[in-house]
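**Student:** If you scroll down you'll find the structure; I have some questions about it.
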């Protein structure tokens, strides 16, 4: 083959795009769009127009560079079929495998607690404000909803996997539709409140603190890290043998980039549309009421009384129902991951890695009791959801998504070629800023 043919062949490889690449682009995108998105407009809009514009600039770099770093770590293992746990064990030994198992479990379990609080508050808000029924006991509502989900999960897991997978796209479509439908209700309140002479960079309500806290909710909302390991394994098995690891890395990066663009476009449009239809004060009220933005929108349009349009009347009921479905979808998906993670920890520490010492049904029952029991307790206590995200959920995700890959890049020889890059500094900074929220929340 001539040098010209080699160049043409190389260009063909770089532009090579399969149907499976599109499928994974949409899969990563769909994984990230869940119940967490319903809280992003509240935190992003809480500080007004300037902070959310800064977040708009940061959104794509956070989504792309952080997930690409994790994908590169997954790609660094010798075994193309090895998942992230095997890869970390290869680089850092059995201790590294234990650490990654703990990180995965504690990155997902707090999300269940968050969703337990959210689904309880959303249901109670719908019950009282849309159905106009007497208030119910919080402990009873939380217990009923969790038992209902436990029964559905226990007896219809396979069916629910299919149903939840199907619901991803209607949920995304509903977010886009709501964003578009809110346009006639946009107002200039958020713009009118911008006073450049009164802007403060520092202080409790300053731009820097607002953006700093906003980074946590962005890490939480723009997150498809649970599926990155499976995604990389699939692409390595598909491309690496024929085209090599470098090509596979570029292919994974391109897919992650396109998924990030889709994700940022949908979520930021939804956030801006909510903010322009409401106001920063409304977002502060939503935070205080501890409900997702769709529930607040439903209550907001409900208060319009006789002046409601047909859309406002529809949204009053549809928004809460969409929120409930979204939360259940996210709860179910994260429950499976939490169950698997807790099962691995129990087998590893209680039975020294011997699966034969306990039946899977007994193990699943023990894990379910702990997961549902702890989720009910948190839902009953009703901590502020955004505070819980910023103090627990996002920092643990950041340690897995940002700091672990950066540590590996500086320690693992096969990742040495990625050292000294400016995007490494950015990813490390995002990870540290997110984790430092714990200190801010405590003090």
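Using N, Cα and C of the backbone, Cβ positions are placed for all residues, glycine too.
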**Student:** Match it up for me: which of 238-258, 259-279, 280-300 does Swiss-Prot list as transmembrane segment?
**Tutor:** 259-279
**Student:** Can you say which of 72-92, 135-155 is given as transmembrane segment in Swiss-Prot?
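**Tutor:** My reading of Swiss-Prot: the transmembrane segment range is 135-155.
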**Student:** Can we call the transmembrane segment (319-339) and the transmembrane segment (389-409) in contact, meaning three or more C-beta pairs below 8 angstroms at a sequence separation of 6+?
**Tutor:** no
**Student:** Mind pulling out the one from 135-155, 259-279, 389-409 with the most Cβ pairs under 8 angstroms to the transmembrane segment (163-183)?
**Tutor:** 259-279
**Student:** Under 8 angstroms for C-beta pairs, at least 3 of them, ignoring pairs fewer than 6 apart in sequence. Is the transmembrane segment (207-227) in contact with the transmembrane segment (135-155) by that rule?
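**Tutor:** No, since the transmembrane segment (207-227) and the transmembrane segment (135-155) share fewer than 3 Cβ pairs closer than 8 Å, they do not count as touching.
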**Student:** Any contact between the transmembrane segment (44-64) and the transmembrane segment (135-155)? By contact I mean 3+ C-beta pairs closer than 8 Å, pairs at least 6 apart along the chain.
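**Tutor:** These two segments do not touch.
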**Student:** So if I exclude everything within five residues of the ends of the transmembrane segment (135-155), which remaining residues of that chain have a CB under 8 angstroms from its CBs? That is, six or more out.
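**Tutor:** Tertiary neighbours of the transmembrane segment (135-155) are 116, 119-120, 123-124, 127-128, 328, 331-332, 335, 368, 372, 375-376, 379-380, 382.
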